[in-house]
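Student: Here it is: the structure, laid out below.
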């Protein structure tokens, strides 16, 4: 992984990719602060890799130390992100050549790409293309995803905070439902993100323990949705407890492999792209059991809830950014700083480097032993894994106006040197 | 309002009514702690007025001082609430007689009913029926509602916290959308509670100021929803800013007076009782403008988010509970402690008593001058009113497990003395 000696000059380019998180800007802060310490100027690509292709670069040195420090507690992606996957080098060599042109024009010697497994793949490709095109570039992937589905790393920066938001919201809403159940809402359904993996839904399980505490039912994309078993369990729970909280991953499917949000009840409940498995489940509960229901779909609220960040998540997000700069300046290439857990309780972790080729395009599923036999809950093993990730609070500072003091950077553009390029 | 001298003995009955809030238990704490100080035993009715009718009473003296103190930071309704409105005395005299029987059987001399305008009406009726049925009872209404629609009081305990949650969530999710807009989501729609009044939606306006800051469009039930004006403003905002955040009250209606969630697009988007004006608006944006959208519907999450409570709201909720006991013990009857604002900035308020007959069954609408001319935003007058209500934080204590330390009371039942009664 080691390559040639550190270039005497040069700039570092940082880009954010894919869905943003409550703490991805903490990673940006880790990158920029560490690079400044080493006297390296950091450019950020506006709107992810597209900014690099378009030569739309931001000079982060125009922002104060205080503004960069405030990134540690500001959600969203401060430089803009994008959903854009580079094709293979064979399929679109022109894009790679353009990338190298831009890097060369601005003397960029290090590229840090902050994203999920797609981005790890992009970073890996760029790390390889430099040689082919005769430009010396070191490329480091930096982990980020609320989906927690990156290989190798013990967990992904961004996940711990959405996990904490989900567990706390499940706890709070369930106290509400419990109060109302006698004459009103008996079933509450919370839909959470997770198209392919049920990590976020699993985190809701931390809100309670034992059969009578909420959430009573968790629906995972890892398990086929079986209507009868679900309805039977809702009924039994309401009869025993008086009410029932259900947490559903957006990606649950029926035995035919159809997303529940799009299947079966489609005719009554509209276009598939409307999304929302929660209303489908709610209608099912109403039809089969007649219970009054409420449902919630926090969507972006869950992944941007910096006010509810997990302390360890915020710290890890910063640490991977800082480590990425260390790796880059140590002339490493095609690696990613990953989180290694050394102890569950007390929770201890460290950062190590891992080769991007072990991470790119892979997906970490939830282990089978994390789900209970009936598929509606999490096991003690899952709790041991998940619990440390939501521990500790890292609230943002608040202003006198009662709002968190989130920062808006200047995002000063770097002067273009090349002709336009349409990606 | 003053009545006879304070009874030498007797108990105080407290009941929670209607939709619960993040801070209604702070009111319960104010009631119980103040009553304990005066040596008065507090019974709570399980599940609101129904518990009183069923003689299903809870002896709050069985819970420790620490548990009662923890109510100050625990959301939901600790004794259960209900949606149940007593009929008029003429229509159902038996219910009132039963109530008096239960009060008499347990030597209850003060009844504190914690709810909205319906509950104020119930409290008023009970305050009158005592005389008719020859039982000496003092009845105090205690304000609570996230809807902020109670007459006389400057604001309603419960509203400030949902207002803060809504403003913060709007701010956070908008930072997310801004990051994604280049290649993905351009329009974000947040649906908030408010069937008849747009107070909660209005509070989202505190997240930003000026035409370019989110929320760019607020949809109020006080204004007819005009599709063209809405679509035009979304389009203009996306063209100018790059993205657009919309906050919609659940209760917005079209020119025909139909709820948007049930009207027009009904055929494509399913049963009306599914609720959700956000997906209807999202589909409209997609159809007319082709923009990618996301939408969120936090539902109970917004009113149970004790983790995001407004400090002044939590303090006011406690204060009205405490004052209600003072009024009861001062032999006042048919009154409610209300919040009187004495200064906007710095925010200052005090508690005064108001006659229930000025509050019962009335509804406070948003003043006309709180909405901008185009009906899509809030004015400076609205900001002056709303801003103090979300100021200050009052986070709950957190455990080592990363979850707020919410209390579950013992809720020990008082032994029944009367035959059963089915309400």
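Yeah, the Cβs are placed from backbone N, Cα and C, and that goes for glycine too.
In case it helps, TrEMBL gives these features for our protein:
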- A:19: diphosphate binding site (BINDING)
- A:117: Mg(2+) binding site (BINDING)
- A:118: site 'Important for catalytic activity and substrate specificity' (SITE)
- A:144: site 'Important for catalytic activity' (SITE)
- A:145, A:146, A:147, A:193, A:194, A:195, A:250, A:300, A:301, A:302, A:303: substrate binding site (BINDING)
- A:147: active site, proton acceptor (ACT_SITE)
Student: List, in sequence order, those recorded positions among A:117, A:144, A:145, A:194, A:301, A:303 whose Cα sits within 10 Å of the Cα of the residue listed as 'diphosphate binding site'.
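Tutor: Within 10 Å of the residue listed as 'diphosphate binding site': A:144, A:145, A:303.
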Student: Cβ within less than 8 Å of a chain B Cβ is the test here; which of the recorded positions A:118, A:145, A:147, A:194, A:250 meet it?
Tutor: none
Student: Between residue A:145 (substrate binding site) and residue A:118 (site 'Important for catalytic activity and substrate specificity'), how far is it from one CA atom to the other, in Å?
Tutor: 11
Student: Round to a whole number and give the Cα-to-Cα distance in Å for the pair residue A:147 (substrate binding site) and residue A:117 (Mg(2+) binding site).
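Tutor: Roughly 11 Å, rounded to the nearest whole number.
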Student: With DSSP assignments reduced to helix, strand and coil, which class does residue A:145 (substrate binding site) get?
Tutor: coil
Student: What does the structure give for the C-alpha distance between residue A:250 (substrate binding site) and residue A:144 (site 'Important for catalytic activity')? Integer Å is fine.
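Tutor: Rounded to a whole number, the Cα-Cα distance is 20 Å.
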Student: Tell me, which recorded positions from A:144, A:194, A:301, A:303 are within 10 Å of residue A:117 (Mg(2+) binding site) if we use the C-alpha atoms?
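Tutor: Close recorded positions: A:144.
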Student: Return the member of A:194, A:301, A:303 nearest to residue A:144 (site 'Important for catalytic activity') in space, with distance defined Cα to Cα and candidates limited to these binding-site residues.
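Tutor: For residue A:144 (site 'Important for catalytic activity'), the spatially nearest of the binding-site residues is A:303.
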Student: Sorry to bug you, but what's the C-alpha spacing from residue A:194 (substrate binding site) to residue A:118 (site 'Important for catalytic activity and substrate specificity'), rounded to the closest Å?
Tutor: 16
Student: Could you tell me the maximum Cα-Cα distance in Å between the residues recorded as binding substrate, namely A:145, A:146, A:147, A:193, A:194, A:195, A:250, A:300, A:301, A:302, A:303, rounded to a whole number?
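Tutor: Maximum Cα-Cα distance: 17 Å.
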Student: Looking at the binding-site residues A:19, A:194, which sits with the largest number of other Cβ atoms within 10 Å of its Cβ?
Tutor: A:194
Student: Using a 10 angstroms cut-off on Cβ to Cβ distances, just flag whichever of A:144, A:145 is the loneliest among these recorded positions.
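Tutor: Counting other Cβ atoms within 10 Å of each of the recorded positions A:144, A:145, the minimum falls on A:145.
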Student: Near residue A:303 (substrate binding site), which residues of its chain come within a Cβ-Cβ distance under 8 Å, counting only those 6 or more away in sequence?
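Tutor: Spatial neighbours, sequence-distant, of residue A:303 (substrate binding site): A:19, A:20, A:21, A:22, A:146, A:158, A:162, A:193.
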Student: Do any residues at least six apart in sequence from residue A:301 (substrate binding site), in the same chain, have a Cβ closer than 8 Å to its Cβ, and if so which, in order?
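Tutor: Non-local contacts for residue A:301 (substrate binding site): A:165.
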